[in-house]
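This report concerns only the one structure given below.
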């Protein structure tokens, strides 16, 4: 079962001109913490996640959680790309994986210049 966090409520503004974003402004970034459950250890899930996230232009990190057998990640970047990673890519994973759930929660944004890293297992 795939769990997704609800989109944030749009801010309310008093004038209609202020409520529409300028075409010159990039979209606001989105960041989520993701826990991936299933057969995700020993199948190259961290490397696959890092490569896939980088190909989508996302920043963040990924690591194994030895205690509960999950993979945890932080994904930050363009909202459409974060959503694609969470809803289309992670539920499938690399060929040897068998994902049973992808659970998301809101997270703090990270600067895109930090890139994507594979962290040590916790």
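A Cβ is built for glycine as well, from the same backbone N, Cα and C atoms used for every other residue.
Sequence annotations record features per position, and here TrEMBL assigns region 'Disordered' to 1-30.
TrEMBL lists 1-11 with the feature compositional bias 'Pro residues'.
Residues or ranges marked as compositional bias 'Low complexity' in TrEMBL: 12-22.
Sequence annotations record features per position, and here TrEMBL assigns domain 'Acylphosphatase-like' to 31-120.
Sequence annotations record features per position, and here TrEMBL assigns active site to 46 (among others). Long-range Cβ contacts of residue 46 (active site) within its own chain (separation 6+, distance under 8 Å): 62, 63, 64, 71, 118.
Positions annotated as active site by TrEMBL: 64 (among others).
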| query | Around residue 64 (active site), how many other C-beta atoms are within 10 angstroms of its C-beta? | reply | 20
| said: Within the domain 'Acylphosphatase-like' (31-120), what mean pLDDT does the predicted structure show? | reply: 96
